[in-house]
């Protein structure tokens, strides 16, 4: 990834300062919002015990699932680099549109990579490769009662660099959504039902019985002919 140079957005500086502060700090997210102001309490970013996702090299990243998202509701993803807590990327969405991007100055992890799907549930995800630059903590954010809260926390690590916990195995690939898994299950069920239906249809035509009768008739004659030839 290229190093980005230029002026530093004031909002980004304020956000980074908030991360290092011990007192509660809030970021105003309401300037482009049609609803009431939603505030991000930065101290909450470290208040949830992390979960772990172990993965090999491949397509992976934080995937956030949301149900019953209204048009004016704010959701988002915050990324914290595994090797440096000060490297943070934050994207916020409202009504399928990016409303705020506190992008890291040197490494924009989520830029041109964060995507959104709304069928059947709202999903924020990216298809970036898992590299040393994209491993870290991903927090799924949602505005609740005027405060941006973490509803899910995900750690992504390279399986080749970190030992897996005993018996943990690899987690389900995060790019597999609920609707995609449902489609695969539905296709399997259709094939199974079709096979059963075809079997009973052939059974109704007495084709299996006729086939068995022909085999029973032919086999004794063939066996008798072989004995005669001997």
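Note that Cβ sites are derived from N, Cα and C of the backbone, with glycine treated the same way.
Annotation source Swiss-Prot lists N-linked glycosylation site at 35 (among others), citing sequence analysis.
Annotation comment: Swiss-Prot describes 41 (among others) as N-linked glycosylation site, evidence class sequence analysis.
Cβ neighbour count for residue 68 (N-linked glycosylation site): 7 (other Cβ atoms within 10 Å of its Cβ, all protein chains included). In the three-state DSSP reading, residue 68 (N-linked glycosylation site) counts as coil. What Swiss-Prot records for 68 (among others) is N-linked glycosylation site, and it gives sequence analysis as the kind of evidence.
For 84 (among others), the entry in Swiss-Prot reads N-linked glycosylation site, with the evidence type sequence analysis. If you draw a 10 Å sphere around the CB of residue 84 (N-linked glycosylation site), it holds 12 other CB atoms from the protein chains shown.
Counting every protein chain shown, the number of other Cβ atoms lying within 10 Å of the Cβ of residue 95 (N-linked glycosylation site) is 13. Feature annotation from Swiss-Prot assigns N-linked glycosylation site to 95 (among others).
Feature annotation from Swiss-Prot assigns N-linked glycosylation site to 101 (among others).
In the three-state DSSP scheme, residue 132 (N-linked glycosylation site) falls into the coil class. Here Swiss-Prot flags 132 (among others) as N-linked glycosylation site.
In the three-state DSSP scheme, residue 145 (N-linked glycosylation site) is classed as coil. The N-linked glycosylation site annotation in Swiss-Prot covers 145 (among others).
Under the heading signal peptide, Swiss-Prot lists 1-21.
The annotation topological domain 'Extracellular' is assigned in Swiss-Prot to 22-184.
Per Swiss-Prot, the feature topological domain 'Cytoplasmic' maps to 206-230; the stated evidence is sequence analysis.
Annotated transmembrane segment per Swiss-Prot: 185-205, in sequence order.
If you count neighbouring Cβ atoms within 10 Å for each of the glycosylation sites 132, 145, the highest count belongs to 132. Residue 95 (N-linked glycosylation site) and residue 68 (N-linked glycosylation site) are 12 Å apart (CA-CA, integer value). The shortest Cα-Cα distance between residue 84 (N-linked glycosylation site) and any of the glycosylation sites 95, 132, 145 is the one to 132. Distance noted between the C-alpha atoms of residue 145 (N-linked glycosylation site) and residue 132 (N-linked glycosylation site) is 36 Å.
Here the C-alpha separation of residue 132 (N-linked glycosylation site) and residue 95 (N-linked glycosylation site) works out to 32 Å.
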